[in-house]
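Trainee: Right, I'll just put the structure down here and ask away after.
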Amino acid sequence: MLLEFTKMHGLGNDFMVVDLISQRAYLDTATIQRLADRHFGVGFDQLLIVEPPDVPEADFKYRIFNADGSEVEQCGNGVRCFARFVHERHLTNKTNITVQTKAGIVKPELGQNGWVRVNMGYPKFLPNEIPFVAEEPKALYTLELANDQNISIDVVNMGNPHAVTIVPDVLTADVAGIGPQVESHKRFPERVNAGFMQVIDDKHVRLRVFERGVGETLACGTGACAAAVSGMRRGLLANSVEVELAGGKLQIEWQEGDVVWMTGPTTHVYDGRLDLRYFQG
């Protein structure tokens, strides 16, 4: 069967977006892994699925699958692309959209020239909300790594789990070595996204993220939210911060006790069709 899809990206964090309202398809783990292959498939960090909502207050249901086929709760760059996709495909004429995710409701607002502002919901910090194994809540935790190496982390749930550590320079940070250890650390029973943040000043940070089930990506929207909130909680950052990632910049806003707002661009790369039989086992 032919499957229609759209390739999009948010700051280089790239997606295959599939409308399963207007067409039907079954995409299992092995099929998603084959589609994600950058040599023999479409190639993407995440697969984004558009479905009818299960709850009356939502316009759409938004499902996210990593390149390894695992389903995850949230993707910030993805939700911006999702919002643009459903609007440009005329699945809705709304510019303020209510979207159901595994993590709850998010509310993207479409702006001009592909820019989208998203209400990302409330950050969570308690260990059982991440989830993270700890005897009691703390501002910072020490994580034991291989070769007697320790790092200091903050933990934040932005619809998906994040560990944030501050580094002197993101360019020289050992993301490839430390990232996988943090991602699969036994204290994170559902694994975690590992963020490495360099504070430039109180309104500007640089960030690299080793994403759960994907590896390091050019950008991570929820990671940018988690890092900014972590820095704000530590008193290092103002309430509106520019987060600079390899793929570009996001603006993150947060006031204590309020929701997090993320603003950033989206890019429509191309539309395509493929014969799904070649990707199924």
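Cβ atoms are placed via backbone N, Cα and C, with glycine included.
Features from Swiss-Prot:
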type: BINDING; residues: N13, Q46, N66, G76, N77, N160, N193, E211, R212, G221, T222; note: substrate binding site
type: ACT_SITE; residues: C75; note: active site, proton donor
type: ACT_SITE; residues: C220; note: active site, proton acceptor
type: SITE; residues: Y270; note: site 'Important for dimerization'
Trainee: Quick one, of the binding-site residues N13, N193, which Cβ has the fewest other Cβ within 10 Å?
Mentor: N193
Trainee: Long-range same-chain neighbours of T222 (substrate binding site), Cβ under 8 Å, sequence gap at least 6?
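Mentor: Set apart from T222 (substrate binding site) by at least 6 residues yet with Cβ under 8 Å, we have Q74, C75, G76, M120, M158, G159, N160, H162, N193.
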Trainee: Could you state the CA-to-CA distance between R212 (substrate binding site) and C220 (active site, proton acceptor) to the nearest Å?
Mentor: 11
Trainee: Please give me the CB contact count at 10 A for N66 (substrate binding site), counting all chains in the structure.
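Mentor: Summing over all protein chains shown, N66 (substrate binding site) has 21 other Cβ atoms within 10 Å.
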Trainee: Quick one: Cα separation, N66 (substrate binding site) versus Y270 (site 'Important for dimerization'), in Å?
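Mentor: Pair distance, Cα basis, whole Å: 20 Å.
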Trainee: Could you tell me the C-alpha distance between N13 (substrate binding site) and Y270 (site 'Important for dimerization') in angstrom, no decimals?
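Mentor: Cα to Cα, N13 (substrate binding site) and Y270 (site 'Important for dimerization') are separated by 15 Å.
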Trainee: How big is the Cα-to-Cα gap, in Å, between Y270 (site 'Important for dimerization') and N77 (substrate binding site)?
Mentor: 17
Trainee: Which are the residues of the chain, N13, Q46, N66, G76, N77, N160, N193, E211, R212, G221, T222 excluded, whose CB is within 8 A of where the CB atoms of the substrate site average out, their centroid?
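Mentor: Near the substrate site, the remaining chain residues are D45, I64, V72, Q74, C75, G78, V209, V214, T217, C220, G223.
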Trainee: Tell me the coarse DSSP state (helix, strand, coil) of Y270 (site 'Important for dimerization').
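Mentor: Note: Y270 (site 'Important for dimerization') is in a strand by DSSP.
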Trainee: Would you say which of the active-site residues C75, C220 has the most Cβ atoms within 10 Å of its own Cβ?
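Mentor: Per the Cβ count, the most surrounded site is C220.
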Trainee: On the three-state reduction of DSSP, what should I expect for R212 (substrate binding site)?
Mentor: coil
Trainee: When you measure from the Cβ of N77 (substrate binding site), which residues in the chain that are at least 6 apart have a Cβ under 8 Å away?
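Mentor: Residues satisfying the criterion: H9, G10, L11, N13, F15, A219, C220, G221, G264.
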